[in-house]
């Protein structure tokens with residue numbers, strides 16, 4: 001029975017491992033169905049059907065140190081000749097902050113067209129495709145596909161006595177079996193054959209993608225923005241009058257609730273319209289294209305100038321009066337139009353805040369983000385107006401209207417300027433102007449927030465402001481928090497990572513002066529060799545090995561476990577882990593003292609010595625580079641191919657604990673401690 005159970009366990013394991021294999025790009029090719037002559041130039045079209053939420057990289061793009069481009073390796077043969085470079089079709093520029101520039105990607109479907117001149121009757125065209133697919137959260141996988149294109153009907157140039165040569169359907173070389181199954185020849189004008197992508201696309205239950213926390217941060221910002229809008233000069237002064245209207249009526253609390261919910265409904269409708277006009281594809285366009293970023297920069301500057309009092313953003317008086325008349329009808333319809341009147345009348349104060357939040361919402365991946373954002377933005381209106389109608393005595397405890405309301409607007413105007421800078425930075429990075437580098441961006445923010453701090457203290461005044469006679473506790477607290485933020489940003493001028501602002505600042509590689517590099521603790525991108533190829537490196541002064549066997553040998557000598565870091569030059573989440581998790585004291589100290597580090601790059605193109613090249617038992621492919629060797633090790637030994645991927649093993653190579661991928665510093669520390677504890681037992 002034990003033997004039967006063991007066999008069943010092995011079978012289940014094998015089946016589950018096979019079920020984990022995924023292909024994120026399915027390749028096919030098209031060639032002319034009609035006869036071609038020797039000497040003709042034809043087009044071979046390679047098509048990639050890409051899984052949803054994934055994108056495929058083109059053959060070339062602006063970024064030099066970025067993701068792996070798609071490569072086509074045609075096997076040399078005297079029966080054909082390549083004409084020109086391969087041409088990508090259906091690709092668009094895609095700005096990636098982690099690489100500091102534009103890449104070129106396709107979503108859904110992408111194609112490549114190669115012109116080929118036929119030199120013989122039976123051309124032998126073989127091509128190997130290597131490519132990289134990535135998700136929006138930074139998770140990437142490598143893949144390959146092979147084709148033997150022998151479906152062409154070719155006749156001799158004279159078209160006499162030489163019979164037509166018609167080959168069978170293309171032979172496909174899948175990655176997981178030695179034998180191939182030929183496909184049937186289609187009857188259409190083109191012949192299409194599918195190749196199964198390399199089984200380097202293995203998934204597992206290891207979390208390797210970045211946790212999605214930005215939505216909750218955005219919703220909190222919307223709620224706080226709505227709360228701040230209540231204290232604007234357009235809304236705050238009319239709040240007592242509006243609340244007293246409901247308290248003097250029968251069922252006033254219920255009507256106040258309808259009033260608040262009507263405000264929520266109006267703003268939610270606005271968010272819904274934005275989500276319908278935009279959508280997921282528009283979000284990508286807005287995030288990466290220069291045109292919307294330029295428009296948003298100008299809009300934020302105009303919003304800021306409006307808050308500073310240079311002009312007011314108002315709706316036409318005729319529209320305002322028309323809405324106000326509808327509010328006189330009474331009943332629930334009248335209450336709804338009362339809410340609409342408030343939204344319209346307060347447009348000059350709420351539009352800059354709500355508009356700014358909608359712009360930020362449009363840059364997210366969630367289609368419903370604008371709707372959720374406007375719900376959270378309008379919730380404070382419903383809560384405050386309904387709450388004060390239920391408990392009107394709290395009206396007496398509210399501060400009286402005065403000059404402080406204008407100060408509130410001025411502070412928000414300066415914040416609009418700070419936000420506008422982010423969109424200008426996107427354009428600067430995309431076109432590599434190198435004008436708004438990281439330290440220039442920080443310098444402007446430091447100045448803006450310093451102005452806010454001095455303004456709140458009353459040291460700087462606008463024309464419409466009243467003088468500040470003394471420093472109240474709220475002013476002291478707000479200015480202290482602002483100056484603390486300024487002090488936090490100052491080290492960033494010299495290269496400090498400022499992880500709390502990593503989503504807002506330009507990439508660290510745009511920094512002209514990086515002090516931490518001078519003392520050996522930097523996290524910059526890998527250096528280049530003399531040939532232009534990037535060489536492996538370890539950040540934060542860590543020491544280790546870039547070869548698995550060497551790391552195991554050193555671990556035996558030191559009596560320590562091995563920390564395996566499956567990484568890549570082109571791995572975005574790897575850089576995030578190295579920048580945000582590895583430098584944490586509890587993590588860095590353990591990596592330095594308790595482990596031998598093996599940092600294995602799966603995209604290292606360095607050629608292996610001939611005697612070290614081998615054919616993988618997994619996909620029966622020859623492995624000729626260091627990256628091939630490391631990727632094969634990750635797949636065959638750990639049944640995973642995504643990066644980052646971290647394993648703890650004994651000096652004999654035995655796994656100590658469950659591997660992890662992209663995770664938090666706390667979870668990563670627990671992972672290290674668990675492996676170390678098991679090793680010491």
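If you go along the chain as it appears here, the first residue is 1 and each next one adds 1.
Glycine is no exception: its Cβ is also placed from the backbone N, Cα and C atoms.
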Under TrEMBL, the annotation transmembrane segment belongs to which of these stretches: 215-236, 413-434, 501-522, 523-544?
215-236
For the record in TrEMBL, which of the ranges 184-205, 294-315, 558-579 is the transmembrane segment one?
294-315
May I ask you to indicate which of 135-159, 335-359, 585-609, 610-634 is given in TrEMBL as transmembrane segment?
335-359
Correct range for transmembrane segment (source TrEMBL, candidates 113-133, 470-490, 638-658):
470-490
Pairs 6 or more apart in sequence, C-beta under 8 angstroms, 3 or more of them: is that satisfied by the transmembrane segment (256-274) and the transmembrane segment (371-391)?
yes
Interface-richest range of 215-236, 294-315, 440-458 toward the transmembrane segment (371-391), CB pairs under 8 Å:
215-236
Mean of pLDDT values spanning the domain 'Thioredoxin' (519-677):
84
